[in-house]
Amino acid sequence: AKFSTTSQKNFKVVVAGAAGGIGQPLALLLKQNSLVTRLALYDIAPVTPGVAVDLSHMDTPAQVTGHKGPEQLAAAVECADLVVIPAGVPRKPGMTRDDLFNTNASIVRDIADCVAKNAPKAIMAIITNPVNSMVPIASEVLKKAGVYDPAKVLGVTTLDVVRAAAFIGEINCVDPTTVKIPVIGGHSGVTIIPVLSQSCPAVNLTDQSKIEALTKRIQEAGTEVVKAKAGGGSATLSMAYAGARLACAVLRGLKGDSDAVECAYVKSDLTEATYFANPVQFGPNGVEKNLGYGELNDYEKELLKAAIPELLKNIKTGENFANK
């Protein structure tokens, strides 16, 4: 039996979708994380065992295992502390995140089902798009299995925060790692709400039209990448970086660090939307504390008003899929 205590420093992390465009660089970054003792790579792609062998040659402590195909998923997730899910199909030009829905919804449902049976205490961090709908799907699956804990199911919205900091760093001519900026709401289009008024340092923009342009750029940054890759995929490297950053915060929380804070899309009662992203603090049980989103200015309040109906629709779509 595995006895978990808060002082435990060895964690098993699973990457479900590990052979893909996000999965491989994400696995590379996690193999470098000193908190990861075991790294299990799962994918349906034939190359998966090879990706595991490749990473196992790195001189870092994490033990890497490869698991290929649905019949090996259970072995991959067994005893996991954290399951990160980038599995699914990526966007192509002209596609919205919603266009991916049916394919990706089935994948997330099946992985959540396997986690419910084989690692019911694991934290699930979902990258698969559309995130706004995938988190409700995973939650419903876990509810049906009788193992749902809202503190353990999160949508990864870290990329929105990372992009906002990168763009503000550029505008302010400062190192982007020094920029602190909350991005709240959800993870698509109008549901992405950069709270620019809370940026630290303050954004060097006074002109409202420039603030609106920056907001739009952050909201549409994913499409910027999809277009630039011209049919060759969507954001994979920046997403892997963001996913690894969120995973690190979760693991630091599990370890007992008191300052493990990131934005994430979680079960919430702060707005009408039953799931909502804003800064949360991670602890030994996943989300320890929802830190809310503080004061919004008038423009941001309007953005929130525009986001809610879209979020409600996305959440309903996910719940309907899981319960049909």
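Cβ atoms are placed via backbone N, Cα and C, with glycine included.
Keep in mind the model is a prediction, meaning the values are calculated, not measured.
Marked as active site, proton acceptor by TrEMBL: His187. Per TrEMBL, NAD(+) binding site is recorded for Gly17, Ala18, Ala19, Gly20, Gly21, Ile22, Gly23, Asp43, Asn104, Ile127, Thr128, Asn129, Met239. The substrate binding site feature in TrEMBL is assigned to Arg91, Arg97, Asn129, Arg163. Here TrEMBL flags 12-155 as domain 'Lactate/malate dehydrogenase N-terminal'. Look at TrEMBL and you will find 157-321 tagged as domain 'Lactate/malate dehydrogenase C-terminal'.
The two recorded residues Ala19 (NAD(+) binding site) and Arg91 (substrate binding site) have their Cα atoms spaced 17 Å from each other.
Shown in sequence order, Ala87, Gly88, Val89, Thr128, Asn129, Pro130, Met134 are the residues of the chain, 6+ apart in sequence, with a C-beta less than 8 angstroms from the C-beta of Asn104 (NAD(+) binding site). Of all the recorded positions in the record (Gly17, Gly21, Gly23, His187, Met239), the one with the smallest CA separation from Arg97 (substrate binding site) is His187. Neighbour density at the Cβ, taken as the number of other Cβ atoms within 10 Å, is lowest among the binding-site residues Gly17, Gly21, Gly23 for Gly21. Taking the C-alpha positions, the distance from Gly21 (NAD(+) binding site) to the residue listed as 'active site, proton acceptor' comes to 19 Å. Within the set of recorded positions (Arg97, Arg163, His187), the lowest number of other Cβ atoms found within 10 Å of a Cβ is recorded at Arg97.
Taking Arg91, Arg163, His187 as the recorded positions under consideration, the smallest Cα distance to Met239 (NAD(+) binding site) is found for Arg163. Within the model, the domain 'Lactate/malate dehydrogenase C-terminal' (157-321) carries an average pLDDT of 97. Same-chain neighbours of the substrate site beyond Arg91, Arg97, Asn129, Arg163, judged by a C-beta within 8 angstroms of the site's C-beta center, are, in sequence order, Pro130, His187, Ser188, Gly222, Thr223, Val226, Ser234, Ala235. Taking all protein chains in view, 23 other C-beta atoms sit within 10 angstroms of the C-beta of Ala19 (NAD(+) binding site). Rounded to a whole value, the Cα-Cα separation of Arg91 (substrate binding site) and Gly17 (NAD(+) binding site) is 15 Å.
With the fewest other Cβ atoms inside 10 Å of its Cβ, the least crowded of the binding-site residues Arg91, Thr128, Asn129, Met239 in this structure is Arg91. Comparing Cα positions, the residue listed as 'active site, proton acceptor' lies closest to Arg163 out of the binding-site residues Gly17, Gly23, Arg163.
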